Amino acid sequence: MEEKLKKAKIIFVVGGPGSGKGTQCEKIVQKYGYTHLSTGDLLRAEVSSGSERGKKLSAIMEKGELVPLDTVLDMLRDAMLAKVDSSNGFLIDGYPREVKQGEEFEQKIGQPTLLLYVDAGAETMTQRLLKRGETSGRVDDNEETIKKRLETYYNATEPVISFYDKRGIVRKVNAEGTVDTVFSEVCTYLDSLK
């Protein structure tokens, strides 16, 4: 099983809040049959399952602390192993957030085939998030919080992008356009992996 993971197509998907990466991931799943794994979703699912690990996570998150890297990696690996036979590849969404996370992922799970960088300007992301905030009811979709989230994102992501850029596996997608325009660019990169 572990060997199969090492051979699997693994795509890190990186993009700021409001860049549209979630939407692009959904479209990739539909067209290519990849499995979309978001560390945030995995954590939330584990917490609501009421498992032993979930209870520990809940306590950590309630204090506003970061979940230990080992725990996140174990959850990712478990989720990937569960799907490795039925999936054409994996989209790892919102991970790695720092270089160390990427290195640990490679040691414990496998090498990324590609890093898809869904890149939209700060202005575009802000407008999209404000618009989403009107309907989503998400507390973190207001202008002040958005500014902070974008800052955090840029500071964390730049070193990750340059780390993988040195290996030549970063594919930058211009996410300013419509969903379909962006997706056709995404497809050119994924089609080249076959």
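For all residues, glycine too, the Cβ spot is worked out from N, Cα and C.
Bear in mind that the values here come from a model prediction, so they are computed numbers and not experimental data.
Marked as N-acetylmethionine by Swiss-Prot: Met1. Taken from Swiss-Prot, the feature ATP binding site applies to Gly18, Ser19, Gly20, Lys21, Gly22, Thr23, Arg132, Gly177. According to Swiss-Prot, the region 'NMP' annotation covers 38-67, on the basis of sequence analysis. The phosphoserine annotation in Swiss-Prot covers Ser38 and is backed by a large-scale study or a structure entry. If you look up Swiss-Prot, you'll see Thr39, Arg44, Glu65, Leu66, Val67, Gly94, Tyr95, Pro96, Arg97, Gln101, Arg138, Arg149 marked as AMP binding site, on the strength of sequence analysis. Taken from Swiss-Prot, the feature region 'LID' covers 131-141, and the record attributes it to sequence analysis.
Distribution of Swiss-Prot features across the structure.
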residue: Met1; record: N-acetylmethionine; Cβ contacts under 8 Å, 6 or more apart: Leu81, Val84
residue: Gly18; record: ATP binding site; Cβ contacts under 8 Å, 6 or more apart: Ala120, Thr124, Met125, Thr126, Gln127, Arg128, Leu129, Arg132, Ile146
residue: Ser19; record: ATP binding site; Cβ contacts under 8 Å, 6 or more apart: Val118, Asp119, Ala120, Met125, Ala175
residue: Gly20; record: ATP binding site; Cβ contacts under 8 Å, 6 or more apart: Val118, Ala120, Arg128, Ala175, Val179, Val182
residue: Lys21; record: ATP binding site; Cβ contacts under 8 Å, 6 or more apart: Val13, Val14, Gly15, Asp93, Gly94, Val118, Ala175
residue: Thr39; record: AMP binding site; Cβ contacts under 8 Å, 6 or more apart: Val72, Met75, Leu76, Ile92, Asp93, Gly94, Tyr95
residue: Arg97; record: AMP binding site; Cβ contacts under 8 Å, 6 or more apart: Ala156, Thr157, Val160
residue: Gly177; record: ATP binding site; Cβ contacts under 8 Å, 6 or more apart: none
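For Val67 (AMP binding site), the number of other Cβ atoms no farther than 10 Å from its own Cβ, over all displayed protein chains, is 15. DSSP assigns Ser38 (phosphoserine) to a strand in the three-state reduction. Taking only the Cα positions, the spacing between Ser38 (phosphoserine) and Gly22 (ATP binding site) is 9 angstrom. When pLDDT is averaged over the region 'LID' (131-141), the result is 72.
Here the C-alpha separation of Val67 (AMP binding site) and Gly22 (ATP binding site) works out to 22 Å. Max Cα-Cα distance over the annotated ATP binders (Gly18, Ser19, Gly20, Lys21, Gly22, Thr23, Arg132, Gly177) is 17 Å. Sequence-distant contacts of Thr23 (ATP binding site), defined by Cβ-Cβ distance under 8 angstroms and a gap of at least six in the same chain, are Val179. When the Cα atoms are compared, Gly22 (ATP binding site) and Glu65 (AMP binding site) turn out to be 24 Å apart. Secondary structure at Lys21 (ATP binding site), as computed by DSSP, is helix. Around Gly22 (ATP binding site), taking its Cβ as the centre, 16 other Cβ atoms fall within 10 Å, counting all chains. In the structure as shown, the Cβ atom of Glu65 (AMP binding site) sits within 10 Å of 9 other Cβ atoms.
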